[in-house]
Amino acid sequence: MRKSDLKSGFNFGNLLCYIGLVTIGILCLYPALWVIMSSVRPGNALYSEHLIPTSFTLQHYRDLFATYPYAQWFINTFKVAFFTMIFSTLLVTITGYVFSRFRFRGRQKIMLNMLVVGMFPGFMSMIAVYILLMQLQLLDTHLSLILVYSAGAPMGFLYVKSFFDTVPQSLIDAAKIDGAGHLTVFRRIMLPLSKPMLVYIALTSFSGGFVDFIFANMVLSTPEKQTLAVGLFKIVQGKFATEFTLFAAGCVLVAVPLTLLFIVLQRYLVEGLMAGADKG
Amino acid sequence: MGQHRKRAMILSFIGMGFGQIYNRQLLKGIVFFFVHIAGIYLATLLPRAIWGITTLGEQADQLKKVGKVYVNIRGDHSIFLLIEGMIVILAMIIMLFIYVANIRDAYQIGKLREQGIKSNNFSETVNYLLGQKFPQVVISLPLMLVIFFTLMPILFMIMLAFTNYSSPNYLPPAKLVSWIGFDGFRDLFTINAWNNTFFGVALWTLIWTVCATITTFVGGFVVALMVQKRGIRFKGFWRTLFIIPYAIPQFISLLIMRNMFNGEFGPVNQYLKYFGLGGLPWLTDPFWAKFTVIIVNIWIGFPISMLMIIGILSTISKDLYEAAEIDGASSIQQFNAITFPTVMLSFAPLLVMSFAGNINNFNLIYLLTNGNPVNPTYQFAGSTDILITWLYKLTMDSGKYNYASIIGIFIFIIIASFSIVNLKRTKAFKEEDQYR
């Protein structure tokens, strides 16, 4: 055993390090804790003497469901996020597969153009997309959101491609000798071998559909069709100055599902992120 | 020239699918023929599309006196005309591609028939498409989506930069929009109030981007070193704890932060006062607002770089450090010679990407400060507005669409110029002819 291991328990450097870690940990947790505490505090003021309220109430949560179609918003949001996840993941992985495993005329050009196009700031184009959706009679539908979010997905192909590039060609050749078609190779070899990447992409597209409040706000006009993000954002814009605790309850309800998802899937997230970092 | 290929080609030239039917590919021919009908329909729209794009309409909505009452007569809506025109033209270009492919196909099959090879039946054609032509067939759907939902809107935006589309004088449907060439660019850069705002906002965007990128990188690095330090226990626990800011949806945590930093009632100032310090104008003073924006960004951004750097650190072999220790290297020397260069090597491209991301970090500014506090010398922008949020305000709040488009083009040029250099260096993009 080395010296440094022996005295690690009383090491001054380690002590400082622990103090640092605990401080950062508190800073990371505090905002979440504060909002949870605010959401169960009676009254509606932003200001409070203590972090932990002297009495607890669930009234704000009840109000949320009574004043707004919050349950409906939940269903809408899950619907939009779920289908966005399915279609985005499908589109971006198949695009990555094609660019990774096939050589065809114009391939490099299409790749570069897709990446360049992806660098334009999106807001101006929202007007055009809005009018396009109007022509397609899709305004104020969830389909339009799913369509628009998924249509943007293929531009993130580079990450998938770099992952697929590492799958050994010999595996694919072997499958082809056994008579597998391109789609079988994709489904049976490429996808199963890239689970961390799939989880990462699925999760980011799910949360992308979950949290968008700008485009969704533009497209969805009837309150019953809104998503959580839009609804919450409207509450904030409308009367959050007077009803802070209600807003806090709304925040908790929106944040909990996604936050849990991220924490449960963090192992995949780390692997997925790392895969991107490795290959640059 | 042989008989079959010539006839098939001419027939397909006259009508899509005719050549295929001549080549005894009935189903394929019928499919092409339906496309042809769609093409004819499209062609009837073409003259109006071209007229719309070139003139942007000739008559705006107007009130006409019918009897004793005024009635609103629908006129041309310039922006609708522009977008509809672009959709038609893009669809027409795609149609032309199919048309050429149809003629070429008829020719090829005809040629094969002359050589005595039987033409494919429909299921053989499908198999051929899914086999040999797999990449082209599969890529066409994502490509189509990108063309209509990303490329078309971008072209639209670029075109807007050359019009006078702006509130209040050139706002359809009451008024018409017209092409003004580079006048918009000239005005934005020469009218004092505007170019003052532009350079002010651009400078802050630059400062913000550099600070945001460096602080999150350094913050993530430091935390990663602490978590991975020899002798520190519960590494998994610390990592999970520090992922929380990343796991909470950004727009929620930003709205929470906005309340926490509230100067009058927020808990941050409350704590400062508790410790006997005066509160700070976190979001209301131009300097402090900028400071707050960067601090909050560290909170939101450090987990990602921490995760990645932990990953990189775990790939460094322990032997290296032991060898260094035997040679008597101090921990600072070890860091300088081993840790830092290794991390930089893997992280550099990501740093460039995060730089590009921060230029467009709309959510942070919009939700935290909404660009405020107000800057009276700026046009429609506040002290913490970066280019992208200014662009948003110009579009959504004040209707200066043409200026917003010019700024959009400007942002694009900046981001694209170094992203492309960065991309071309990455392995994923280089033409790799053997797979790893």
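Keep in mind that glycine also has a Cβ here, set from the backbone N, Cα and C atoms.
A TrEMBL annotation is a machine prediction, not a hand-curated record.
Per TrEMBL, the feature transmembrane segment maps to B:26-46 (among others).
Here TrEMBL flags B:79-101 (among others) as transmembrane segment.
As annotated by TrEMBL, transmembrane segment applies to B:137-162 (among others).
Sequence-distant contacts of the transmembrane segment (B:201-225) (same chain, at least 6 residues past either end, Cβ-Cβ under 8 Å): 242, 290, 293-294, 297-298, 301-310, 313, 339, 343, 347, 351, 354-355, 358-359, 361, 378, 381, 383-387, 390. Annotation comment: TrEMBL describes B:201-225 (among others) as transmembrane segment.
Taken from TrEMBL, the feature domain 'ABC transmembrane type-1' covers B:202-422.
Summarising the annotation, TrEMBL assigns transmembrane segment to B:237-257 (among others). Remote same-chain residues near the transmembrane segment (B:237-257) are listed as 223, 227, 296, 299-300, 302-304, 306-307, 310, 363-364, 367-368 (criterion: CB distance under 8 Å, separation of at least six residues from the stretch ends).
Positions annotated as transmembrane segment by TrEMBL: B:287-314 (among others).
Away from its own ends, the transmembrane segment (B:335-356) comes close to residues 209-210, 213, 216-217, 221, 225, 301, 305, 308-309, 312-313, 315-316, 320-321, 324, 329, 415, 418-419, 422, 425-426 of its chain (Cβ-Cβ under 8 Å, at least six residues beyond either end). If you look up TrEMBL, you'll see B:335-356 (among others) marked as transmembrane segment.
The annotation transmembrane segment is assigned in TrEMBL to B:401-421 (among others).
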Under 8 Å Cβ-Cβ from the transmembrane segment (B:287-314), and at least six residues away from its ends along the same chain, one finds 204, 207-208, 211-212, 215-217, 219-221, 223-225, 227-228, 239, 242-246, 250, 253-254, 257, 261, 280-281, 339, 342-343, 346-347, 350, 354, 358, 361, 364-365, 368-369, 372-373, 383-384
Tertiary contacts of the transmembrane segment (B:79-101), defined by C-beta under 8 angstroms and 6+ residue spacing from its ends, are 16, 32, 35, 38-39, 42-43, 45-46, 48-50, 52-53, 56-57, 144, 147-148, 151-152, 155-156, 159, 165, 172, 177
Can you name the far-off residues of the same chain, 6+ from the ends of the transmembrane segment (B:26-46), with a Cβ under 8 Å from a Cβ of it? 12, 15-20, 88-89, 91-92, 95, 98-99, 102, 122, 125
